[in-house]
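Chemist: Look at TrEMBL and you will find 2-68 tagged as domain 'HMA'. Among the features that TrEMBL reports, transmembrane segment is placed at 93-116, 128-145, 166-184, 196-215, 349-371, 383-405, 692-714.
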Amino acid sequence: METKTYPVHGLHCASCAQIVKSRLEKLPGVEQVDVNYASEEAIIKYEPDSIAPSAMSSELEKYGYSLLYTEKPTEKSAVTDFDLEEIREKEGFFIAVPVAVFVFITMIYSLVASYIPSLPVLPLPMRIMDVFLLLAASVIMFGPGRRFLTALARFARYRVANMDTLVGLGTATAYFYSLLLFLFPDVGAQLGLASHYYFDATIVVIGFIILGKYLEKDAKRRSGAAIEALMNLRPDRAFIQKKGGDEEIATADIKVGDRLIVKPGMKIPVDGTVIEGNSSVDESMISGEALPADKTNGDKVIGGTINRQGLLIVKAESVGADTVLAQIINLVKEAQNSRSPIQNLSDKISAVFVPIVLVIALVSFLLWIFIGPYTIGFENAMSGAIAALVGVLVIACPCALGLATPTALMASIGRGAKQGILIKNAEALEKLREADIVILDKTGTVTSGKIKVTAINALADNMSEDDILLLASALEQYSEHPLAEAIVNEAKSRKLPYGQQLVAGFQAQSGHGVSGRVNNINVKIGKTGEALGTWATARNDQGETIIDIRAGDKLLGQIACGDEIKEEAIEAIKALKKNGLKIMMLTGDRATAAARIARLAGIDEVRANMLPEGKANVIKELQAQGHKVAMLGDGINDAPALAQADSGIAMATGTDAAMATAGITILGGDLKKAVQAFRLSRFTFRTIKENLFWAFIYNLIGIPLAAGLFYPIFGLVLNPAFAGAAMA
């Protein structure tokens, strides 16, 4: 089985998506199809040995659709197909819309003038106006509106109806009924029909629907702008270093191992490692950080990021679809095409919407035929029936229902990608808004995961904190232990000359620290092994590690080290709590260290000494109590908990296992982005609910009004032309 995404041509409404889905799923070898009307793409799971994409496209062509199924379409061919369709739509737009607007304004003016006698009458004689409307309606009906007639023909042949079918049936009925009365007025008189023409309705309905589709397409294009922005990050050309000199090549032609020249201001073409040069690189597209990252020999760089200052020589390591940027683009595409559970309701309604509207239109027509003679007179009954039929057919709008969910999701997933929040699928975004408890891992999520010096206690006479740190760092610079790295980094930050000290006889003993001579002083450094003093006890109770610095048997001083809380963590946790979320921290660290971090970060509840399965079990217990749990983590030990949680959020600074398990990934590891993810989730589904509400209200009021349901009570009936304008 393979799962592939194909662009679909010809999707004009939400019902079209249902038709494509149902027809493809009936084909042998096709297991599952999801069609995203907003992105105009189909995600098809099928058996390649049983059916080819060309066969799927051939089946869809019967109903007016097609797949762009070329396995490796060239950029030119893909663009050409879409451009041709867009050119045809633009031609129709510039023919139909100006005429429709002119006719609509004329109708409004005539309506107002009928109530205000002082307004001047239109200078054109009625017969000339009728001829103009006939000619204009004919051009628009068989020009830009021919797709509606084609849909009507397909309905007659295959019994498959979509929004175009409704418009085609309504406008064709109005046009040909009016044409009959215009060409054969005596026939209409003999039948007792009022000579009321609906050419204006045909023009306005088709013109305004084309206008509405143009605006809809623009909205869909904007909702997918995130993908376009990400794709624009990739440079088209790159410079490669060769023995004979530099050569400019297409980025697509770069191979693993190539030496790339990246000048200041240029985008790095692919992922790789710096092998020459020093510079700062703008990685905001990945990390979201405004400050550029310093790069030197051995540092990793990501394709699409911008080299700001120095010249870099980069060895290509990941190219094409393997680059971080390509994977992000693919992830965002998959997420935008994924389905949210809330979408199932609107899809089910869209699937039966068109048949129901056809029935309502027919019933309205028949009721006006049989009841009209008793309410508006026999000569006006047919006109009323035609008006009701056309009005119901053109005002009905499944597109609002069909677009309410996917457009909001596409826009939010794209917005999240720009903010460094990668959403794997729509379901993950929906579940996040339901969470009432947020569980945080400690190391790498709340804390940086990097040990740092937290305090120094100078005990020897005439020795300051800097003296103790200088002595320790001079020896620890030769050690690879994380505590040694923390001491050296602290010395660097204080600009102490530890590298200039005279060091000899360095020794490192596993579990016993390091020793050696520093400036002819025998120094030994290691974790404290005797009873702690007041200072050390207080630090130890906070979960910090205490290191002794000795000269012979004399204790010169002590250095406390511990994991540091991320600067943004405290602010992020406050924001989460402000949104009504309870915060818990689960960690494998010891209780004292966990309690210290929880206290400093403002976390409600903490559980320490947790194994991976223990974290998952805690989440199960909370879920059994009816809670919806969101889990934030970054390590392999967090993977079971991320999978168990209702919504898993992985910090991208962590392991691949965590990111593979989670539904949402935070680039750069900034906990404040998790707050943004919660807000984005709630905003998205509030927007979806509002969209669905107004779509239902529109149809709930518009269809009965067009059918003439309010005419017996209030004397209200909707002109088909106004119905078309409302639908657009």
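Each residue, glycine too, has its Cβ placed from N, Cα and C.
Help me picture these features in the structure, burial and contacts included.
Modeler: Cβ atoms under 8 Å from those of the transmembrane segment (93-116) belong to residues 122, 133, 136, 139-140, 143-145, 200, 203-204, 206-208, 210-211, 214, 719, 721, 725 of the same chain, restricted to positions at least 6 beyond its ends.
Remote same-chain residues near the transmembrane segment (166-184) are listed as 130, 134, 137-138, 141, 145, 148-152, 155, 193, 195-199, 201-202, 205-206, 209, 354, 357-358, 361, 386, 389-394, 396, 720 (criterion: CB distance under 8 Å, separation of at least six residues from the stretch ends).
Cβ atoms under 8 Å from those of the transmembrane segment (349-371) belong to residues 14-15, 17-18, 161-163, 165-166, 169-170, 381-382, 384-386, 388-389, 392-393, 396, 398, 401-402, 703, 706-708 of the same chain, restricted to positions at least 6 beyond its ends.
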Chemist: Give the residue counts of the domain 'HMA' (2-68) per reduced DSSP state, in the order helix, strand, coil.
Modeler: 21 helix, 23 strand, 23 coil
Chemist: Quick one: mean pLDDT on the domain 'HMA' (2-68)?
Modeler: 87
